[in-house]
Amino acid sequence: MNTQPHASHTDSNTLMLGRYAERAYLEYAMSVVKGRALPEVSDGQKPVQRRILFAMRDMGLTAGAKPVKSARVVGEILGKYHPHGDSSAYEAMVRMAQDFTLRYPLIDGIGNFGSRDGDGAAAMRYTEARLTPIAELLLSEINQGTVDFMPNYDGAFDEPLHLPARLPMVLLNGASGIAVGMATEIPSHNLNEVTQAAIALLKKPTLETADLMQYIPAPDFAGGGQIITPADELRRIYETGKGSVRVRARYEIEKLARGQWRVIVTELPPNANSAKILAEIEEQTNPKPKAGKKQLNQDRLNTKKLMLDLIDRVRDESDGEHPVRLVFEPKSSRIDTDTFINTLMAQTSLEGNVSMNLVMMGLDNRPAQKNLKTILQEWLDFRIVTVTRRLKFRLNQVEKRLHILEGRLKVFLHIDEVIKVIRESDDPKADLMAVFGLTEIQAEDILEIRLRQLARLEGFKLEKELNELREEQGRLNIFLGDENEKRKLIIKEMQADMKQFGDARRTLVEEAGRAVLTQTAADEPITLILSEKGWIRSRAGHNLDLSQTAFKEGDRLKQTLEGPHCFTRRHPRFIRGRTYSIDAAEIPGGRGDGVPVSSLIELQNGAKPVAMLTGLPEQHYLLSSSGGYGFIAKLGDMVGRVKAGKVVMTADSGETVLPPVAVYASSFINPDCKIIAATSQNRALAFPIGELKIMAKGKGLQIIGLNAGESMTHTAVSSEPEILIESEGRRGAAHKDRLPVALIEAKRGKKGRLLPISGSLKQLSSPK
C-alpha cells in the first residue's frame, strides 16, 4: 500500500495536474478570445487591427500623406506592437483596405489588394498603404488623454488599450472571428442609421431594441444585395444577438430586340462572388459522378435537365466600372422570368443565409453575446467616458497656458522693472517671484522667453489669447459640470461626423419569400420516418414494410407519415408548441439514417419534435398540453415561413405538448363525436367536440381538471360508442379493453372517472 501523501492544493511547490491543465487551458482560451478573435464594443477593433491603425498613425500615414510600402508598415507593427508572423499582420491590413469586405475601409490600399472573386493580394513589397479619412473617427483623439495605454510586449513602447472611437465602429464595419468555444459574426451597418440610433438612445435611454430598429432596420452590406428576411425575424435576431438573415442578389431584366430578354445581376450577397456562381452553374449543367460512383443519381440528372432547359448562356462582364455584372440569357424568351430568376436564386449562391452572432468583448472585459440596445448603450457609456477625459485633458492644458500667460501679462505691465531685476540680481528667479508675485513656473517662463515677445504688438496678442482661453475654460467647465450639456456636445459631434462620413444605404430591405426549387422532381408519394432522437428521412411510396428499418444505436422509430397529402412537393409541419414547415423534397431519401430535423429548422433550446403533420390547409387538428388545456386549429394556421417556426401552442413551464389528433370535417356535424382525454392517474373524461374552441394559436380551454402532480397524457377524437384502451399491467402484461364512452362523459373541464385498469395507460384510441 502506498503511504506517501498526495500533493496538496496548498503545497507551494506542487500543483495537481488536472488543476494545472484546467488553468492553463482557460488562460490560453481567454488569451485567444481577448488577444485575437473578438472585437471590442468600444472601438470595434481586434488587437491586430488596433495596432495597425496606431502604428500607421505614428508613422504619419494620414489620408493626405504620401503612401509607403506595406512591408514598411508591417515591419513597424511587428517590431513595436505585434510580435507574430508578418502574414497575420499583412492579411489584416489587406482586409481593412478592401471596399468589398469592409463597409467603411480604414486603409487606402494602392496596388493589388485582392478581388471579390477570391484573388489574393500582391506581396507586401509591391503594395502601398495609408489611412483613409474615416480612420480619423478612431484616431483623432488618441493623444488627448481619452484612453489608457499599456506597455508593448517588451516594455519599450506604449500602445492603447482602446481607440477613442467617435462612432460605434463595431456595428459599422462588423467583425468575424473564431475563438476557443465561441465565434462572432457581426455584419456591417449603415453609418447614418447607426448614428441616428445612438443619438436617439442617448436622448432617451428607455428605448428598447424594437424602437432602435426604426433607425437600424437591418445590416447594410458592402456589396449591397437585398435582405428578404421578415421584419419580425430581424427583430428577434437583434433582440437575442443571434440568427441569420436571408440575402439575395439584386438584378435587372434587360429587354432586347424581338421580345428577347436577359437578366443582369449587379449586386451579390456577402460570401458570394462571380467566380463561385459560375462554378456552381458549371457543376449543375455539366455534373460529374461522385467519387466511387459510375453514374449520376436521379436528383442530379433532374437538376441538370432543368438548368439546361432554362439557361442558354452565362457571362461574367465585371470590370473596373462594373464590379459585379453577371449576364444570364434564357434558352427561350417564352420562359417565365419569375421561374427563371427563382431557379437561379434557389440553385446558386445568388441567394443565401448570412449568420449573425453578436459576440464581442464588453466594457467589463468579458466576452458576451449582446443585443442591439446593449451594444449601443455600452458604446455610449464608453463615449461619455472618453469625451469626459478629453474635456478634462483640454481643461488642464488651458489652465496651464492661462497660468503662463497671466505671468507674462504681469511682466508686460512692468517690463522696465523686470529687466532691471534680471540684470542686477544674483538669483533672478527668486527675485522675480518676490517682487512681482510670480510662481516658480511663471518665473521660469519669463527667464526663458525672448525679449521680442514682450513688445507692444505681442501684448495685444497676449490679451487676445487670454480672453479666448478664459472663454474656452468657461465652456469646458460647463460641459464637465452639466451632464445634459455634455450629452448635447456628444450629439453635436456625432451629427457632424454623420454629415461628413455618412452615405446612403446600399442593401435593400424588402421582405420576400425564400427561393425554392419546385420543378426538379415529380410530385411522388413518399413516407417520412421520424426517430425518437429527432432524425428524419424519406422513402419512396406508401404502405411500406418498415419493420426492418435500422436506426442509430440507442434510437428508435417515433412516427411515420404518409397518406393522400404526403408527397415530395408538399410541406409537412413539425409540432412542438411551435410549428415548422419543410419542403418534403429537402428531406433526404435512401437507406441512410437521414439528417437531424434541427439541420432543416431552428429548434429552440435543443427541443425535439412531438409529431409530424401534413394535409390540406383546411384540415383540423386537436392541439393540447400536459397541463390539461387545448384547442382545435386549422393546419393552414400552422404554416411558418421562417426556419425559426411559428408559435401555435402555448404551454406553461414544465408542461409538454401532446401529439396532435386529426379532427375530420364530419366530426363537427356529428352529434356523437366526442373529445376524450386521459391523465397520469388513469382518469378519463369525454365531452362533445363542440365545447372546445377553434383557434389559430394560444393556450386554449381547459379540457380536463387535474389534481396536484397530475398531468394529461392522452387525447382522442371519436364518434364511436366505445373507446379502445391499451394498458400495461403491473407485471408488464399488455391489455386491450373497450370502455363505453357514456361511462366517462361529462362537461368539459370536469375531472372525469377512473379507468378500470390496474397498470398504466399506454394508448387511447377509437376502435376504428
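The backbone N, Cα and C atoms fix where each Cβ goes, and this holds for glycine too.
A coil conformation is recorded for Y126 (active site, O-(5'-phospho-DNA)-tyrosine intermediate) in the three-state DSSP classification, outside any helix or strand. Residues or ranges marked as active site, O-(5'-phospho-DNA)-tyrosine intermediate in Swiss-Prot (evidence: sequence analysis): Y126.
What Swiss-Prot lists as domain 'Topo IIA-type catalytic' is 38-521, and the listing cites sequence analysis. Per-residue confidence over the domain 'Topo IIA-type catalytic' (38-521) averages 91 (mean pLDDT, predicted model).
According to DSSP, K46 (site 'Interaction with DNA') is assigned to coil rather than to any helix or strand. Per Swiss-Prot, site 'Interaction with DNA' is recorded for K46 (among others), and the stated evidence type is sequence analysis.
A coil conformation is recorded for H82 (site 'Interaction with DNA') in the three-state DSSP classification, outside any helix or strand. Shown in sequence order, P47, V48, R51, S88, A89 are the residues of the chain, 6+ apart in sequence, with a C-beta less than 8 angstroms from the C-beta of H82 (site 'Interaction with DNA'). Annotation comment: Swiss-Prot describes H82 (among others) as site 'Interaction with DNA'.
What Swiss-Prot lists as site 'Interaction with DNA' is H84 (among others). Sequence-distant neighbours of H84 (site 'Interaction with DNA') (same chain, six or more apart, CB under 8 Å from its CB) are V48, L78, listed in sequence order.
Per Swiss-Prot, the feature site 'Transition state stabilizer' maps to R125; the stated evidence is sequence analysis. Using a 10 Å Cβ-Cβ cutoff, R125 (site 'Transition state stabilizer') registers 10 neighbours.
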K46 (site 'Interaction with DNA') and Y126 (active site, O-(5'-phospho-DNA)-tyrosine intermediate), distance between Cα atoms, whole Å: 26
Fewest-neighbour residue among recorded positions, criterion Cβ within 10 Å, set K46, Y126: Y126
Cα-to-Cα gap, K46 (site 'Interaction with DNA') vs R125 (site 'Transition state stabilizer'), nearest whole Å: 24
